[in-house]
Amino acid sequence: MAGAATAGAGDRARDDTPDLPRSAAGVGGPWLMTIVISAATFMEILDTSIANVALANISGGLGVSTSQGTWIVTSYLVANAIIIPISGFLSKAIGRKRYFMISIALFTAASLLCAVSTSLGTLILARVLQGVGGGGLAPVEQSMLADSFPPEKRGQAFAVFGIVVVVAPIIGPTIGGWITNVISWHWIFLINVPVGIFTLFTVGAVVNEPKALVEETRKLRAGGLKVDYIGFILVAIGLAGLLVMLDRGEAEGWFSSNLILTMTAMAVVGLGGMVAWELNHPDPIVPIGLLANRNFAICTVLIMITGLLVFGTIQIIPQMLQQVFGYTAYDAGLALTYGGVISLLLMPVAGALSGRVDLRLLLLPAFVTQAVSFWWFSGFSLQSTFADAAWGRFFISLGLPFIFIPITSAAYVGLKQGESDKASALLNFFRNLGGAFGISLCQTLLARREQVQQARMTEGLNDLNPIFVDALDTLTRQVGSRDAGLATLYQQAQRQAAMMAYVELFHVLMLLVVFMLPLILLLRTRKS
């Protein structure tokens with residue numbers, strides 16, 4: 001933390017880039033800065049998905065049920081989501097570099113506490129601290145990149161950030177599963193400690209706090225920090241209610257549960273009150289006024305849909321491979337990993353093109369690729385193979401670089417100088433919110449449609465159906481018992497019902513992408 005305390009001293013002595021007065025590039029230039037700050041953000045985003053696959057092991061190790069163990073994930077998501085929209089204010093009040101370093105230090109210390117936790121309560125507390133520390137990393141990095149590169153080169157810089165945001169959650173489940181199976185669940189948290197310490201010192205060495213930002217922070221403090229406490233309380237209440245509702249809704253039976261009803265009321269009152277309050281506040285802690293910019297508003301919708309698709313499919317594709325086709329968690333995760341490789345390779349290409357062509361010409365075919373990929377998955381049957389799933393995921397990943405980078409670049413078109421902190425916070429908030437909606441939507445639709453399909457499948461399993469009778473007789477001869485044959489038939493019916501539910505879900509995702517395409521044409525880009 002000593003480096004954080006003195007973060008601005010040496011930086012002020014450096015000459016800031018004349019054309020980029022808010023540049024965070026220090027020793028080694030903007031690209032070294034990009035790599036260093038991306039390492040910290042990669043660590044944080046990886047942690048959002050890496051713990052999911054270890055929930056059963058963590059719950060067993062702590063002596064609690066898997067249902068109770070899900071609060072390990074929920075607590076992190078809630079704390080993370082609350083910090084993201086206010087990270088722009090915290091960055092200005094504390095100093096951007098200093099706030100980034102404090103976030104790394106808190107995330108690293110909380111990771112160590114997670115690793116040594118021996119009770120669920122302690123682990124949940126540590127995960128909350130992790131979420132608070134990690135919430136500021138992605139938006140602050142995005143702000144640094146926007147301020148440190150000229151508009152024509154931002155796409156290339158955002159390509160590095162895109163690798164972090166897209167690839168980390170894809171490989172997270174595979175890495176988490178491997179660490180949990182080979183070593184222990186403690187190491188999915190402990191591995192953050194050396195990485196966090198290394199990035200903390202490298203950020204202190206190579207990231208600059210430009211004079212323009214130092215002056216902004218000085219003026220803000222000199223005038224007295226006018227903290228929007230009411231806005232913060234409202235957004236905290238609203239987001240906590242919304243995310244717990246989305247995360248726990250299906251497990252709790254949605255609105256038949258008092259918990260979900262309470263969370264829904266919190267979400268409506270908190271977020272509704274926050275919008276009304278912030279629109280009339282002279283210095284809002286959540287800058288929702290930026291949504292008055294048409295371009296930025298469209299980009300937030302597009303990034304939210306992208307978050308829904310990315311996080312939703314990251315969960316349901318491995319889940320389908322395990323539930324319907326019987327793959328292990330590790331093998332199911334590999335289907336995602338192959339897609340992650342193509343995204344990794346194409347990010348630099350998308351970054352280079354983003355500075356040269358109309359961004360809409362990248363976005364339209366990329367989203368069409370998503371729709372085609374979901375159409376591919378909607379044709380799955382019980383005879384589909386691992387290769388079919390890997391190819392489907394490959395084509396989803398093929399389009400992601402040409403979605404994420406153009407949206408991120410287009411979002412800053414038309415914004416005033418000094419608004420990058422606020423814009424980055426809102427973009428990351430809506431991306432994560434889309435992810436929460438995506439996971440909840442997919443799980444709810446799957447559960448509902450699987451029940452409907454099971455009812456349809458099993459209503460024909462009776463002695464009045466000659467096809468059922470013939471199939472049961474054949475199975476009875478094969479397994480040597482009528483009861484065993486009947487159980488096998490019901491198991492096959494359940495698999496078929498689950499498969500049909502997944503097919504219907506992919507149809508819904510395909511239509512969602514198609515209906516969203518006209519929004520792209522409304523974007524303004526520098527080339528247009």
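Note: Cβ is positioned from N, Cα and C throughout, glycine not excepted.
Database features, via TrEMBL:
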{"type": "COMPBIAS", "residues": "1-10", "note": "compositional bias 'Low complexity'"}
{"type": "DOMAIN", "residues": "33-528", "note": "domain 'Major facilitator superfamily (MFS) profile'"}
{"type": "REGION", "residues": "1-22", "note": "region 'Disordered'"}
{"type": "TRANSMEM", "residues": "71-90", "note": "transmembrane segment"}
{"type": "TRANSMEM", "residues": "99-118", "note": "transmembrane segment"}
{"type": "TRANSMEM", "residues": "157-179", "note": "transmembrane segment"}
{"type": "TRANSMEM", "residues": "185-207", "note": "transmembrane segment"}
{"type": "TRANSMEM", "residues": "227-246", "note": "transmembrane segment"}
{"type": "TRANSMEM", "residues": "258-277", "note": "transmembrane segment"}
{"type": "TRANSMEM", "residues": "297-318", "note": "transmembrane segment"}
{"type": "TRANSMEM", "residues": "324-347", "note": "transmembrane segment"}
{"type": "TRANSMEM", "residues": "359-378", "note": "transmembrane segment"}
{"type": "TRANSMEM", "residues": "390-413", "note": "transmembrane segment"}
{"type": "TRANSMEM", "residues": "425-446", "note": "transmembrane segment"}
{"type": "TRANSMEM", "residues": "505-523", "note": "transmembrane segment"}
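Remote same-chain partners of the transmembrane segment (71-90), defined as residues 6 or more beyond its termini with a Cβ less than 8 Å from a stretch Cβ, comprise 47-48, 51-52, 55, 58, 99, 120, 123-124, 127-132, 134-136, 138-140, 143, 228, 232, 235-236, 239-240, 243-244, 247-248, 285-287, 421-422, 424-426, 428-429, 432-433, 436. Sequence-distant contacts of the transmembrane segment (157-179) (same chain, six or more residues past either end, CB-CB distance under 8 Å): 30, 34-35, 38, 41-42, 45-54, 138, 141-142, 145, 148-149, 185, 187-188, 191, 310-311, 314, 318, 329-330, 333-334, 336-337, 339-340, 343-344, 347-348, 350-352, 354, 397, 400-401, 404-405, 408-409, 431. For the transmembrane segment (425-446), the list of distant contacts is 77, 80-81, 84-88, 138-139, 142-143, 165, 242-243, 246-247, 249-250, 254, 286-288, 290-291, 296, 299-301, 303-313, 315-316, 408, 411, 501-502, 504-505, 508: same-chain residues at least six beyond its ends, Cβ to Cβ under 8 Å. The stretch in closest packing with the transmembrane segment (297-318), judged by the count of Cβ pairs under 8 Å and taken from 185-207, 258-277, 359-378, 390-413, is 390-413.
Outside the transmembrane segment (227-246) by six or more residues, the chain places 74, 77-78, 81-82, 85-86, 89, 93, 259-260, 262-274, 277-278, 281, 283-286, 436-437, 439-440 with a CB less than 8 A from a CB of the stretch.
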